[in-house]
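According to TrEMBL, the protein carries these features:
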- B:190-248: domain 'Phosphoribosylformylglycinamidine synthase linker' (DOMAIN)
- B:HIS245: active site (ACT_SITE)
- B:296-419: domain 'PurM-like N-terminal' (DOMAIN)
- B:GLU314: Mg(2+) 1 binding site (BINDING)
- B:ARG337, B:GLN471, B:GLU542, B:SER543, B:GLN544, B:SER783: substrate binding site (BINDING)
- B:ASP338, B:ASP499: Mg(2+) 2 binding site (BINDING)
- B:435-586: domain 'PurM-like C-terminal' (DOMAIN)
- B:676-783: domain 'PurM-like N-terminal' (DOMAIN)
- B:ASP735, B:GLY780: ATP binding site (BINDING)
- B:828-970: domain 'PurM-like C-terminal' (DOMAIN)
Amino acid sequence: MRNNAEINALVLTGYGLNCDVETAHACELAGARAVCVHINDVISGAVSLEDFQIMVFIGGFSWGDDHGAGVIQAVRMKKNAGDRIIGFINQGGLVLGICNGFQTLVNFGLLPGMDNDYTARTVALTYNDCGNFRDDWVNLSINAQSPCVFTRGMKNMELPVRHGEGKFIADQKVIDQLIDQNQVVCRYARADGDLAAGGFPANPNGSMADIAGICDPTGRVFGLMPHPEAYNHPANHPDWTRNKHLRRCSSADEKPPLSAAGIRIFENAVTYFRA
Amino acid sequence: MPHRLEIALKNELFDAEGAAVAGKADAYFGIRVQDVRAVHIVTLDADLSPEQLETVRNEIFTNPVTQVSSFAPLDLGFDWCIWVGYRPGVKDTPGQTAIEAMEDVLGIRLAEGEGVFTSKRFCIRGPEISQDDAQCIAEQLLANEIIQQVRIFSRHDWDPENGVGIIIPKVRLDHKPTVTPVSVDSDAVLQQISDARNLALNVNDIPVIRQYFLDSEVRAQRRAIGLDDPTDVELEYISQGRSDHCNHNTFQGRFHYRDLSTGETETIDNLFKTCIQEPTRQLQAQKDWVISVLWDNAGVGRFDRDHYYVITGETHNSPSNMEAYGGAITGIVGVYRDPLGTGKGARLIMGSYGFCTGDRDYDGELKPRLHPRRLLDGIIEGVRDGGNKSGIPTPFGQVTFDHGYMGKCLVFVTALGMMPATVAGTPSEEKTTAAGELIVMCGGRVGKDGIHGVTASSEIFTENTPAGHVQIGDPYTQKKMHDFLLQARDEGLIRFVTDNGGGGLSSSVGETARFSGGCEVWLDRVPLKYEGLDQWEIWVSESQERMTVSVRPEDEDRFMALSEKHAVESTVIGKYTDSGKLHITYDGVTCAYVDMDFLTRGFPQWEFDAEWRSPEMRGLYEPVMGAPRDYNRLLTDLLARPNICSREWIIRQYDHEVQGTSVIKPLEGADRDVNSDASVIRPVLTSEQGLAFSQALLPFYSAIDAFHMTACTIDEAVRRLVAVGGDPEHIGGVDNFCWPNIQYDPVRNPDGRFKAAQLVRSCRALAETCGVYGIPLLSGKDSMYVDGHLAGAYGETHKLSAPETMQFSAVSVVKDIASCVTLDIKCPGDVVYVLGVTKDELGASEYYDRFGYTGCNVPVVDARKHWLLYKDLHAAMEKNLAASVHGIYRGGLGVHLAMCAMAGNLGIRADIGKAPGAEGLRADHLLFSETPGRFVVSVAPESREDFASMMKDHALACIGEVTKAPRLDLSCGAESLVSVPVADLKASWKAPFGQLV
């Protein structure tokens, strides 16, 4: 699986997950071959994880998010395919969890995966402090020191959030440890780049330490609440109609043209295998 | 033995759910609450060992980081504890998913009769809270008695051992399914039976029904299979099929129209045929992008060579009026089944909403079942959960307040889908059933929920309306079915697919069997939620999340295997035949045997008298008002009016970016907080082509003339599309009528004839305006009887009728999304144009309404003139000549210049006296007239000449320019009118609902 070989991405579907089409599209834009696979085909073994380099736990409302977002998906996957998924990671595969997928990874224990333990639930994503589902674009500050494979070379990024349960919490000790080990990959920030410091709506959910996404110590398992696959085209950005005119009436470097920046996360995953 | 597990957030964590309850108790009722903690309860009515209980407690129900849980009551401390649980038979989706998870984790199957039920209790602290306050919080905030039960405990009567007790809302019917024959001795007897059984049979239909069952040949055929008098199954089938909801008797009626001002009379035979069907057929012949209209669950238009879009709109008024959340979620999830059931099945790509309620802050004497504020909260949440959990973006929506909607609220829901042009080598829009194919029911199970939903919405809401038809939609179950059916479609396994909506199997099987010419249905095979349903109940139940599919016998195995993989229940419940009969059996015994064509033959047309009295005859006139002096305060106050002000709190609750297709979002501008004219999505991710969508709702003008209400509504929807870049040569429309009762009755409906005339005029405007704009009506629905009887201060009741309302949805393609434009002004120095003539048309305007006037000069659409303007503007936008485009809608030029400035966070300096038509118009009229056909456009100085030359055939004027200083400076000639910081305008515009999240 080097250089010109095809990089295969498994996009998990079924049971109320719903970001399959755009996540598969994002993988393809990044140069991978994407296959949408039903959860039950992973569990039954009809589809083998060995045929893939990248596995994406996508957004949506698995099992309606009843009993906690991502909880039942995590329980089912852990019970019926847990060893295979941990094996996939240990053999060098990349795992990305977006929104409901992130919630699933933390309930499974794949994140934060401290001390090589991929089964312990030590962090949680719970109800937004604002008390409601919220759709808005956020600014993310990306930790360049993080081992995260998916965010290499990135400093900041704007992405949409769309969730009711995205508040990241854990014991302060765990938070400190995540920060120390650079497992905190991205944090909510203000438009000027400074961290949100808990301020709403820059931090849309009240996450501790403005945490929007974390990785495991290897950097190969990454989960985040914002949706990189929903920024797959410059026109997804809320400023795109303004941007082309603002470039007319402000200096060129002030308003660089927009790109489909969310795709870089997927490109980094593909590049990781091609490098 | 049942077990009750209580789960709560750890004490030190913020409880957002509890905080929301506390906030509302204070804001809505002035009850001072210190703190609310929510406890989630899972009642396990199953035989489980202590080890098994611990396993599910730890692995499924308790998050070790955030939660604590216990099989004994949690000791949280409170002044009042309110428990809320569902009534028996109400959909408890979390209970169902809990079973799925438990069975998996424990590796067991729950036994027959075992179950899991979820409920909540709220621990409320506040020493000042009285018993009455607690009662108020329980009834007005936490529970709706129609679907929920409540128990209230004070600190003193709480038993820490037993807690709320063990409550198991299991349905036990103890009833043997029975088919009952119905006497057809006389019209009177049948009428009595209709009343007693809530069949809502029309008086004129009764003799036709009797005649059929008394016919000697019919009798002989029936005797041969063991039937005599009609059964209740048959009468329920006929009642459903003949209901106004399914059959559109009103629109297909005969109208005797008299214009009392001219004395002219006219008979219109069938409004649907003359104003909707025929004009659309003619346009279909001219426009090759119209793929399929007027027969399927939704209309189909061509998006590009390989993709078709699908669109339809619905309302769910009566159920939402009873149970706002349940009614609304059932409405949105239900309308999503229409595209899924169009052609061989379409993938859902977006939805939208329109809510009409009484004033959110109503504090008058009338006592609606649910206060408008609570009603609105509920319907917002219902459509939110229904859309978000379906994974379908909701990028457009509208909310309209009017006192008339106190009688019955309106909940409009619209759905768009996308399907490939061909499916397994055949045209995707075509489908039929054939004898020998299997009738398969997919999705949810059947219960008593939803029985008589169709007939209830065909009646005016009274205290006696049965509550049994209120349901709670389940997007999770439906999403699984959606994914399954699309895969089955792509494998060529679906011959026909349709939704089980109003009327349940009765409608879906009845309608699909017309294609093959008959069917046999084995009702005993239909999977039930619980035993004890009568046969007729199984046949007409509207239990949600079900589709009916026709499958060839040779495809059955593959279809069922796919169904199982997707965890969807599918059952063969009969087969299609060509016998000419609808034949239903239960355990081998026939319980219905009716000619397939019976519902479409021989029923008398409904008749209506319609009397039009012109506004002048009704005594309407222009108010006598002097010009105002304080325009700053006037404009600032108008922006804060309920029908103008910001609704950001609703929009942000709706996922408008799932599927990654967002191009023009519902909120745009520098701060992303001002409403866009329309939404644009890019539904095929590999294409640069867009789909633009807009809606308009202007019921206010019906106070003067529903003809102009309708024309203005259509014009606004079209203008909204044009403003973002939609192609005026390709516009599809969806009409959704919501009308009060039009059947005259001297006592109960004395103005019925006038309302009937309004409907006739509205339909004519629909045909005329769509004719000029070239809009085929891809889909449409009507919901009549939007009236209610509300109790007043002394126990007396008052009939309230909603204003005659038509929501119009418009859809268009955008060839290249790069040419899309938003409303926000963008660069200082850009010039500001007004396009279109402003006239003295303030009748029923927001401005007049501010002072309690109606007036008489209703806005009039000059469709031919507008149409040419729209085409040229579109051409200029395709050349990227406009920096911003915004239609001038409710509130007029003043309000909408403010919108452009607020969106751009820049200023506008303009002389509105230069606007086309300004001569002879007073400044306040110029600022607030609602004349249709107008836009505000900003243009870069270097594009000015090109723009003006492309628009030279139209009324346009440059009235000013964009300024860096964010201030709205409007003058009229030498007179300065408005000079306000844009931030002040925005603050006022956001003030009314700004505290809501």
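Yeah, the Cβs are placed from backbone N, Cα and C, and that goes for glycine too.
Annotated features, which come from TrEMBL, shown on the structure.
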residue: B:GLU314; record: Mg(2+) 1 binding site; Cβ contacts under 8 Å, 6 or more apart: B:GLY331, B:GLY334, B:VAL335, B:ASP338, B:PHE412, B:VAL413, B:THR414, B:ALA415, B:ASN736, B:LYS781
residue: B:SER543; record: substrate binding site; Cβ contacts under 8 Å, 6 or more apart: B:GLY444, B:ARG445, B:VAL446, B:GLY447, B:ASP449, B:GLY450, B:GLN471, B:ASN500, B:GLY504, B:LYS529
residue: B:GLN544; record: substrate binding site; Cβ contacts under 8 Å, 6 or more apart: B:LYS91, B:THR330, B:VAL333, B:GLY334, B:GLY444, B:ASP449, B:GLY450, B:GLN471, B:GLY473, B:ASP474, B:GLN478
residue: B:ASP735; record: ATP binding site; Cβ contacts under 8 Å, 6 or more apart: B:ILE276, B:LEU766, B:LEU777, B:GLY780, B:LYS781, B:MET806, B:GLN807, B:PHE808
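Stretch with the largest number of CB pairs closer than 8 A to the domain 'PurM-like N-terminal' (B:676-783), among B:190-248, B:296-419, B:435-586: B:296-419. Residue counts for the domain 'PurM-like N-terminal' (B:676-783) under DSSP, split into helix (H, G, I), strand (E, B) and coil, are 46 helix, 28 strand, 34 coil. Fewest Cβ neighbours within 10 Å among the recorded positions B:HIS245, B:ARG337: that distinction goes to B:HIS245.
In the three-state DSSP assignment, the secondary structure recorded for B:GLN544 (substrate binding site) is coil.
Of B:HIS245, B:GLU542, B:SER783, all annotated as recorded positions, the residue with the shortest Cα distance to B:ASP499 (Mg(2+) 2 binding site) is B:GLU542. For the pair formed by B:ARG337 (substrate binding site) and the residue listed as 'active site', distance between Cα atoms is given as 17 Å, rounded to the nearest Å. The sparsest Cβ neighbourhood within 10 Å, among the listed binding-site residues (B:ASP338, B:ASP499, B:GLU542), is found at B:ASP499. Counting residues of the domain 'PurM-like N-terminal' (B:296-419) by DSSP class, helix then strand then coil, yields 44 helix, 43 strand, 37 coil. Mapped onto DSSP classes, the domain 'Phosphoribosylformylglycinamidine synthase linker' (B:190-248) shows 44 helix, 1 strand, 14 coil. A distance of 7 Å separates the Cα atom of B:SER783 (substrate binding site) from that of the residue listed as 'active site'. When pLDDT values are averaged over the domain 'Phosphoribosylformylglycinamidine synthase linker' (B:190-248), the model yields 91. If you take the Cα of B:GLU542 (substrate binding site) and the Cα of the residue listed as 'active site', they are about 14 angstrom apart, rounded to a whole number. For B:GLY780 (ATP binding site), the number of other Cβ atoms no farther than 10 Å from its own Cβ, over all displayed protein chains, is 26. The record assigns B:ARG337, B:GLN471, B:GLU542, B:SER543, B:GLN544, B:SER783 to the substrate site; their largest pairwise CA distance measures 21 Å. B:ASP499 (Mg(2+) 2 binding site) falls within a strand segment according to DSSP. Across the domain 'PurM-like C-terminal' (B:828-970), DSSP helix (H, G, I), strand (E, B) and coil residues number 53 helix, 31 strand, 59 coil.
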